[in-house]
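Taken straight from TrEMBL:
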type	residues	note
BINDING	201, 233, 356	Na(+) 1 binding site
BINDING	352	Na(+) 2 binding site
TRANSMEM	38-65	transmembrane segment
TRANSMEM	119-137	transmembrane segment
TRANSMEM	146-171	transmembrane segment
TRANSMEM	191-215	transmembrane segment
TRANSMEM	227-248	transmembrane segment
TRANSMEM	343-365	transmembrane segment
TRANSMEM	386-407	transmembrane segment
TRANSMEM	413-436	transmembrane segment
TRANSMEM	457-476	transmembrane segment
TRANSMEM	504-529	transmembrane segment
């Protein structure tokens, strides 16, 4: 996917930005007035993505502030109101899940129960947007310095975590999962997920690459940069996966051994066994003996005996916010000097998030500052401030009790389908509207480099056809799925349950997809109508 989609499309967007010397809207308008909607669609996607993505920085700030406590607040369950035991919801779930769902999100049972804005997350969100504003205050003058820090620090922290992760007990169990499942290659959804990952990790279709490239010198070798960035991006993904799997193996092994120890303690106390007699090595043998010798008593104890399995612990993989704020925190709480590892981890997460927001912010601000109408009335600082203020105001939706459900909705449906359509139109525009030979001539004049057959074949045939295939698979997957659903937290059971989205949530999903995708045909239609009337007026005047 990297070779046939990632690298070719990255090079394409860098080359377009460097050649046209404008942001996403201006660049595609230069290629054809009918393609202004492509840039507007990228702008809308970047704006919607920034609205919800900075909420991750909000949660990272919240956890970072709590990382200085001893013990960590998610390491133990709180007492109930009578101080006679632990909180019931926490006991049914886990201390890390309880801190995430109850203390951080204070989540409602469903998306229909929105609740009010919660002041603590709201303050963290405001602080997160203030940080973003300071980073993008003066456009590329300030973002360049920020990016050096936000890209280098995570590597430093990852190296520290790699050394620590590989020395953790059970790390090899997690690394054993780092093997490809060949049968998944026949699963279309695996390819859709791979394409989505490549699109997001490289920033394709969002306008940020075009915006940054527009500031390059015309002679800049953007092909070399596309190759370097692609390789570094994929290498980083593999490197961080090793860190993740090693820590995940430690977490799974710890939970598995903790489960066995609880079973041993239960059987030892229930059958008055000698301390130290029952061990992990003879557990199954003793269980069989007790079941056959004391069947009545064992049948009473049996419902309380947990089924401990290392494989099931390793198979309970999660992604997204669950991986960042539940799995990692559960592993961190069991490490020595857990406060230090927690501060390092969430500071790294915050810098990664800020780095992403800088890129997204540039994708939004560059087309706005390129506009003579807007820039003639407002300086860069004011435009940046208004964008951040508007984003922060809309983002308050995600600080409500149902905010996490809306976050998942935005995260799932804002960009994937839109980016596929945007990038498809981009490749068609360059190859068949602007002309591949003409674009090749421009690149040769700029960089002195001749375009190889690989790039031509990828841009003209392979990449567009693959995008069309992914587009069809994506739509068919949702059609076959039927009613769209989401994961809701059930406090009475201590785990998530699947629920159907209500009608108004489905309408919001439709608006999110249409708000960006419809920009392309509507702007093209508007341009056609405007030009048609201008031509008629000219003929009438003549």
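Placement of Cβ uses the backbone N, Cα and C atoms for every residue, glycine included.
Because TrEMBL annotations are produced automatically, they should be read as predictions rather than curated entries.
Using a 10 Å radius centred on the Cβ of residue 201 (Na(+) 1 binding site) and all shown protein chains, the other Cβ atoms total 16.
Just going by CB pairs under 8 A, the stretch in 119-137, 191-215, 343-365, 413-436, 504-529 that sits most against the transmembrane segment (386-407) is 119-137. A Cβ distance under 8 Å defines the sequence-distant neighbours of the transmembrane segment (191-215), meaning residues of its chain 6+ beyond its ends; these are 1-2, 5-6, 9-10, 13-18, 20-24, 27, 39, 42-43, 45-46, 49, 140, 222, 229-230, 233, 237, 359-360, 362-367, 415-416, 418-420, 422-423, 426, 470, 473-474, 477. Residue environment of residue 233 (Na(+) 1 binding site) contains 17 other Cβ atoms, counted within 10 Å of its Cβ in all protein chains.
Between the transmembrane segment (119-137) and the transmembrane segment (343-365) there are at least 3 Cβ pairs closer than 8 Å, counting only pairs 6 or more residues apart in sequence, which means the two stretches are in contact.
Between the transmembrane segment (413-436) and the transmembrane segment (457-476), three or more CB pairs separated by 6 or more residues in sequence fall under 8 Å, so the two stretches touch. By the Cβ criterion (distance under 8 Å, sequence gap of 6 or more), the transmembrane segment (38-65) is not counted as touching the transmembrane segment (457-476), fewer than 3 such pairs being found.
Listed in chain order, the residues near the Na(+) 1 site other than 201, 233, 356 are 200, 202, 203, each with its Cβ within 8 Å of the site Cβ centroid. Remark: residue 356 (Na(+) 1 binding site) has 53 as non-local neighbours, by Cβ distance under 8 Å and separation of at least 6 in sequence. If one looks beyond the transmembrane segment (146-171) by at least 6 residues along the same chain, the residues whose Cβ comes under 8 Å of a Cβ in the stretch are 135, 236, 239-240, 242-243, 246-247, 249-250, 252-254, 335, 341, 344-345, 347-348, 351-352, 354-355, 358.
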